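Asker: Pasting in a structure now, in structure tokens, and then I'll have a few things to ask.
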């Protein structure tokens with residue numbers, strides 16, 4: 001494998017507490033020494049990164065690929081390509097496939113298929129319960145042995161506190177987190193958007209934000225007693241406050257939010273735009289402000305996409321019937337830069353941390369999310385200043401369900417390098 | 001029946017989107033139409049050659065018949081299509097259905113659907129006029145207009161008049177259309193019902209909330225009783241029909257404390273003995289059947305305004 005020398009870029013590596021102009025040398029699929037000048041430099045491919053950011057490859061700890069089950073919406077291949085274009089070098093795929101990732105065979109299938117067809121690292125998250133039914137534990141140990149990096153029934157809550165208790169206790173032996181999709185299914189039943197003035201105004205059945213918050217509260221209490229919980233896709237102000245307090249109380253909890261929860265409010269659905277239908281639903285501006293505060297003060301550790309591809313048949317229909325979710329891999333970084341860094345909510349280093357070392361830490365991904373010497377050479381080079389317009393038709397994802405179409409964003413991925421191999425060059429996929 | 005001006009949109013999706021002038025235009029036109037309908041031969045050739053389809057995903061007797069009658073007054077052809085709501089998820093999707101109807105040469109689609117926003121989705125995808133005949137909890141604009149028409153007919157301009165809307169506000173498209181329209185015309189509205197059936201944030205629509213029907217009745221000019229569905233009881237919005245009736249039902253004894261010229265309204269179908277007693281429903285203050293009559297006039301006016309004059313259908317906005 002040819003060496004790569006990335007010259008003159010602003011290297012931002014939060015795990016190493018680095019934010020300065022440096023060169024990066026990649027040899028044999030590894031980062032050689034941060035700042036060192038390698039001896040193989042003569043033959044190295046040189047990438048001029050002047051004026052650009054050089055970051056550890058981004059890690060998305062919340063990606064829905066639709067393989068197995070719905071390859072028309074997304075495959076491991078297409079999802080990985082979308083990830084690479086978005087600057088992600090590692091994506092963690094959730095278990096709500098068909099069949100679900102609730103047994104070692106499906107974990108093995110994903111690992112093997114990813115090896116063959118994915119341009120980025122794909123790490124499966126296995127189910128907490130068999131069939132995501134919330135009734136009986138899935139074979140966590142065997143799934144872990146095949147490569148599962150976390151457990152989650154995401155898409156569905158684990159409604160029974162006793163089952164969640166056992167899951168937290170049992171998962172401790174593997175040292176990987178249980179990721180909770182917080183939604184009280186009785187409170188959310190029948191709802192299509194956030195319950196608010198706007199749901200009342202446009203006559204759609206509402207989901208109270210309490211549906212999320214009561215489960216966040218429950219899971220915090222369970223975590224205090226039984227083991228670590230990671231809260232997925234935090235969208236509400238009260239959830240942020242609960243998590244903030246839990247962290248003060250030294251409870252083993254971590255949390256993520258998604259770009260749409262700091263970029264959009266519920267008014268995005270006012271004209272019945274199903275591309276803005278997502279679960280948990282978009283909330284009020286007060287919720288958005290608290291999510292942003294939570295990102296700033298560290299209550300929310302990570303930013304994940306909740307990339308959820310759906311085809312037009314499931315979106316261009318009545319709002320109540322439309323599937324929930326939006327594709328996020330190809331817009332996440334630009335939304336972070338535009339909405340959080342440009343606005344000075346976060347420094348570039350803080351923002352990068354939430355997309356790299358924070359998820360690596362939550363998921364115990366050794367040698368990922370950093371550019372320290374010896375780490376896997378997963379690197380992304382980003383032009384933080386150039387504005388571009390989101391055009392869903394150009395997505396590498398098989399699905400087009402984005403509410404951000406037409407948005408002008410800053411932050412364009414120029415190169416994505418996975419394990420020392422350039423998979424995106426000049427903003428385009430190599431193959 | 002001179003057509004001074006028209007409606008701005010090709011569609012009638014809700015009172016929320018109408019300007020005051022448009023509401024007044026519809027009401028004025030409806031007054032002319034009421035006169036036409038009262039003639040010995042209630043038929044004019046205005047919409048000869050126009051074809052209207054009613055596309056109903058929910059059962060309806062009154063609204064559909066009313067639209068049929070209105071269309072026939074104007075000499076339009078009507079086709080009725082009923083699709084069981086249970087097949088919505090499985091069958092042909094809404095956009096395909098309305099596009100098929102359009103290419104059959106239909107000029108106007110009157111749609112009723114159990115989900116809010118469905119007529120809006122249809123309207124965006126066809127050039128034909130779309131009339132919302134009720135969408136989920138969202139709007140039922142022709143009902144709202146006929147209610148307002150009836151109010152003005154009884155008591156003159158509604159500005160400053162106190163209107164009570166009583167019952168299941170949360171799931172009521174009639175309530176929302178009444179609120180949008182009446183607020184634009186300056187009426188004062190109080191919604192009355194159990195807290196479980198008052199939707200979050202409805203104050204933002206400019207209404208007052210009350211849980212005390214007797215107190216509100218004292219100075220009300222109009223009381224619009226909404227139909228209560230048994231299904232709501234099954235979902236624990238209230239414990240029993242009997243209790244609901246006791247707290248929020250309109251009976252003669254309760255009505256005796258109201259102003260002497262109060263007008264009692266109901267969009268139908270009425271649940272006798274539940275939200276309204278027979279004594280009241282058939283009593284001297286009720287205008288329930290007049291509402292139905294006025295409904296034909298209002299719908300005739302809307303079809304006339306949307307479809308006469310050969311106005312070309314505008315391209316959908318988006």
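Quick reminder: no glycine exception, Cβ is built from N, Cα and C everywhere.
Note that the structure is predicted; figures quoted are calculated from it, not measured.
According to TrEMBL, the feature domain 'Aspartate/ornithine carbamoyltransferase carbamoyl-P binding' maps to B:10-151. Taken from TrEMBL, the feature carbamoyl phosphate binding site applies to B:62, B:63, B:112, B:140, B:143, B:268, B:269. Positions annotated as L-aspartate binding site by TrEMBL: B:90, B:173, B:227. Taken from TrEMBL, the feature domain 'Aspartate/ornithine carbamoyltransferase Asp/Orn-binding' covers B:159-305.
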Asker: Applying the rule Cβ within 8 Å of the centroid of the Cβ atoms of B:62, B:63, B:112, B:140, B:143, B:268, B:269, what extra residues of the same chain belong around the carbamoyl phosphate site?
Answerer: B:60, B:66, B:133, B:134, B:174, B:267
Asker: I'd like to know which binding-site residues lie near chain A: of B:62, B:112, B:173, B:268, which have a CB under 8 A from one of its CB atoms?
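Answerer: Near chain A - Cβ to Cβ under 8 Å - we find B:173.
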Asker: Where's the emptiest Cβ shell within 10 Å among the binding-site residues B:112, B:173, B:227?
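Answerer: Comparing Cβ neighbour counts within 10 Å for the binding-site residues B:112, B:173, B:227 gives B:227.
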Asker: Under DSSP, is residue B:268 (carbamoyl phosphate binding site) helix, strand or coil?
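Answerer: Coil, per DSSP.
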Asker: Measuring Cα to Cα, how many Å separate residue B:269 (carbamoyl phosphate binding site) from residue B:227 (L-aspartate binding site)?
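Answerer: So the Cα of residue B:227 (L-aspartate binding site) lies 7 Å away from that of residue B:269 (carbamoyl phosphate binding site).
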Asker: Which ones, of the binding-site residues B:63, B:112, B:140, B:143, B:268, have a Cα no more than 10 Å from the Cα of residue B:227 (L-aspartate binding site)?
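Answerer: Qualifying among B:63, B:112, B:140, B:143, B:268: B:268.
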Asker: What average pLDDT does the predicted model assign to the domain 'Aspartate/ornithine carbamoyltransferase Asp/Orn-binding' (B:159-305)?
Answerer: 96
Asker: Work out how many Å separate residue B:143 (carbamoyl phosphate binding site) and residue B:173 (L-aspartate binding site) at their Cα atoms, rounded off.
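Answerer: Cα to Cα, residue B:143 (carbamoyl phosphate binding site) and residue B:173 (L-aspartate binding site) are separated by 9 Å.
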Asker: For residue B:268 (carbamoyl phosphate binding site), what is the tally of other C-beta atoms lying within 10 angstroms of its C-beta?
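Answerer: Taking all protein chains shown, residue B:268 (carbamoyl phosphate binding site) has 18 Cβ neighbours within 10 Å.
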Asker: Between residue B:268 (carbamoyl phosphate binding site) and residue B:173 (L-aspartate binding site), what is the CA-CA distance rounded to a whole number of Å?
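Answerer: Roughly 13 Å, rounded to the nearest whole number.
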Asker: In whole Å, note down how far the CA of residue B:173 (L-aspartate binding site) lies from the CA of residue B:62 (carbamoyl phosphate binding site).
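Answerer: The Cα atom of residue B:62 (carbamoyl phosphate binding site) is 16 Å away from the Cα atom of residue B:173 (L-aspartate binding site).
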